[in-house]
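Residues or ranges marked as domain 'Dihydrodipicolinate reductase N-terminal' in TrEMBL: 5-129. Among the features that TrEMBL reports, NAD(+) binding site is placed at GLY11, ALA12, SER13, GLY14, ARG15, MET16, GLY100, THR101, THR102, ALA126, PRO127, ASN128, PHE129. Residues annotated as domain 'Dihydrodipicolinate reductase C-terminal' in TrEMBL: 132-265. Feature annotation from TrEMBL assigns active site, proton donor/acceptor to HIS156. Marked as active site, proton donor by TrEMBL: LYS160. The (S)-2,3,4,5-tetrahydrodipicolinate binding site annotation in TrEMBL covers GLY166, THR167.
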Amino acid sequence: MERKIRVAVVGASGRMGREVVKTVLTEPDFELAAGIDRSSEGIDLGRLVGLEECGVQIQNDLELALVESKADVMVDFTTPHTVVFNTSLAIRHGVRPVIGTTGFTPQDIEMLDKQCRDKEIGGLIAPNFSIGAILMMRFAAQAAKYFPHLEIIEYHGDQKLDAPSGTAVKTAEMISEIREEIRQGNQQEEETIEGSRGGYYNGFRIHSVRLPGIFAQQEVIMAAHGQSLKIRHDSYDRAAYMPGVAIGIRKVMTYTGLVYGFEHFID
Ligand code: NAP
């Protein structure tokens, strides 16, 4: 058998991080190299995720952990405040980033792509690792050619830090590659309550709903005279993202440069 891919997980004691740790510990071609988080230092990661003790404890110094563990890949599910720093640090140490945390600007992505190319390693930033969500984005982009009047509504839990979601931004970008720019709606419209019409993106609107109990959902509503089309995806559990994360970890070992969007890995 080929050498296992050594994976460091940042944000390891978070909700997504724990799911990633479980995946890394159970996939036969992965080896857990390190787990990093601000809290839970010293706790065995196997125990943390309800599996057998694995001998790898949570550390809180990312740089030290990356260097000492000789990780091949760093998976990051932390916060928009810290993820750019973490990604850049990993690349500097030759560790391939697989990033699920959202909140990157186009400038960040450009800068990190250059860093990856200089180091001759691969990297992946995927605002959504769920294959169903990728198909939703792709179908929405295809349909936008025929239904250019559209709005995006995304729903997440009330503790989410960024808005709109990375998935909504990615959907908007994919739609904009296909849909000619038109400004929708009445050009004289006035908001009597600020923000009522949502965020403006290339002529259409994005609405972010934040409520307790909601996991992750998005719909793209398109309409023309006499008809409407709704393309919707619902995620109910973090397990939905793990097949995508595993594919990302394997793929990132095989190319140079930063790929933005998991859709590039789906035919
Ligand atoms: P979470 O439960 O709050 O977990 C984040 C973890 O990261 C926490 O344990 C936090 O520690 C830790 N952390 C924060 N800053 C850190 C740092 N500088 N170094 C090390 N660890 C740090 O959040 P989550 O629900 O897992 O979501 C994490 C991110 O993933 C969010 O941006 C979310 O939008 C994104 N997400 C992406 C996808 C996708 O498919 N791409 C899917 C779901 C979620 P403390 O608790 O001590 O702050």
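Note that Cβ sites are derived from N, Cα and C of the backbone, with glycine treated the same way.
What TrEMBL says about a protein is an automatic prediction, not a curated fact.
Per-class residue totals from DSSP over the domain 'Dihydrodipicolinate reductase C-terminal' (132-265), listed helix then strand then coil: 44 helix, 39 strand, 51 coil. Closest in space to ARG15 (NAD(+) binding site), of the recorded positions given as HIS156, LYS160, GLY166, THR167, is LYS160, taking the CA atom of each residue. Taking the C-alpha positions, the distance from THR167 ((S)-2,3,4,5-tetrahydrodipicolinate binding site) to GLY11 (NAD(+) binding site) comes to 20 Å. Only THR102 of the recorded positions listed as THR102, HIS156, THR167 bring a Cβ under 6 Å of any atom of ligand 1; the order follows the sequence.
Counting only residues at least six positions away in the same chain, the Cβ atoms of PRO80, PRO127, ASP162, SER165, GLY166, THR167, VAL169 sit under 8 Å from the Cβ of THR102 (NAD(+) binding site). Around HIS156 (active site, proton donor/acceptor), the same-chain residues at least 6 positions away in sequence with a Cβ under 8 Å from its Cβ are SER165, SER208, VAL209, ARG210, ILE214, PHE215, ALA216, GLN217. Counting every protein chain shown, 10 other Cβ atoms lie within 10 Å of the Cβ of ARG15 (NAD(+) binding site). The NAD(+)-binding residues named in the record, GLY11, ALA12, SER13, GLY14, ARG15, MET16, GLY100, THR101, THR102, ALA126, PRO127, ASN128, PHE129, extend over a maximum Cα to Cα distance of 20 Å. Counting only the Cα atoms, the space from GLY100 (NAD(+) binding site) to LYS160 (active site, proton donor) is about 14 angstrom. Under the DSSP three-state reduction, SER13 (NAD(+) binding site) is assigned to coil, being neither helix nor strand.
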